[in-house]
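Colleague: Checked TrEMBL, it gives:
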TRANSMEM  A:6-27  transmembrane segment
TRANSMEM  A:39-57  transmembrane segment
TRANSMEM  A:77-103  transmembrane segment
Amino acid sequence: MSLFEIALIGGMALITFGIRYGLFAVGHRVRFNPLVSRALTYVPVAVLTAIIVPAMLMPGDGGMQLSWHNAYLVGGLAAIVIAALSRNLLATIFGSMLLFFLWRWLLA
Amino acid sequence: MPTPLKAFACGARDTLPMLLGALPFGIIFGTLAIASGLSMPATLLMSALVFAGSAQFIAVSLVASGAGLLVILVTTLIVNLRHMLYSASMLPYVRDLPQRWKVPLAFWLTDETFAVVHRHYLDASAPTEHKHWYFLGSCIAMYSNWFACTLIGALLGSSLPGMAGWGLDFAMVATFIGIVVPLLRTRPMLLSAVVAGAVALAAHALPYKLGLMLAALAGVCAGVLAERWGAESGKLTGGVDEPV
């Protein structure tokens, strides 16, 4: 393992454990400021969407690829439709990946 | 009368559906980590010591894109902040336990275990004894499943070195979409996603993946503001129940 990997994993482990254990360690009943707890509920959606959208529209760190030749865009749109209709994680992953690979194979 | 062992087994059993959901996620993580250039020991160690699926996925995609250590660690912090909500919700049930229980239960507190165990603590018909054993059962089930799946994925990834070019990173996009879309049930949530996505695109060229931080922050602010504004104008009560 490289030094980078050790620092990466050590750092991520400490941060994650710190977040999970912090309140358990203090041990008193905690009441979050309502604003803070409302804000925290938006974090997963905001972070994940901020990753999803550029990955679909700008794959491979190129520029914007608003075209049906972009399999990431086509597969991502399919995933959105499947997820909205089925609300099933496995169906979303497998259905959209199937289309993604099929699309790449058809375009190749 | 339930024994600790029975409670443990029940916790593991009730977590079974979650294990199925995590199965492809773990395998894909393993292959993706190897394809991103992480070594085999580092991949396994990350699953063993960090044990946070979304954060691990994002970290390896950041490693692949050449992001620096600090960027990855700050992203980990932001992505995992939600766990603080979980531990706050679990605190009333675990605060009288000794530290030798609190430390491992906190380490293993994931989205899935929280969902299963919190429901069990609220369930008045469940026996009140040994609920921490139930908690532990759920934890061990998730942890061993996650590690085994990572191992399978990492072995697959290293036996098929061409996998990096297969576009497997799309699996991450698909997984995140599958997580996010069902959450978009209120207007503030939807607005939060739209703003985060738009800012992420606009700020994509910024160095150190700053665009990601900026987009996440903008998305959170948009959601909170929309919720407040909606509550004040009386169209939405609390902004959590009204479907779009």
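Keep in mind that glycine also has a Cβ here, set from the backbone N, Cα and C atoms.
TrEMBL does not curate its annotations; it predicts them automatically.
Have a look at these and tell me how they're positioned relative to everything else.
Modeller: Long-range contacts of the transmembrane segment (A:6-27) within the same chain, counting only residues at least 6 positions beyond its ends with a Cβ under 8 Å from a Cβ of the stretch, are absent.
Using a Cβ-Cβ cut-off under 8 Å and counting only residues 6 or more beyond its ends in the same chain, the transmembrane segment (A:39-57) has close neighbours at 32, 64-66, 70, 72-73, 76-77.
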Colleague: Give the nonlocal contacts of the transmembrane segment (A:77-103) in its own chain as ranges (CB under 8 Å, at least six residues past its ends).
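Modeller: Here the qualifying positions are 56, 71.
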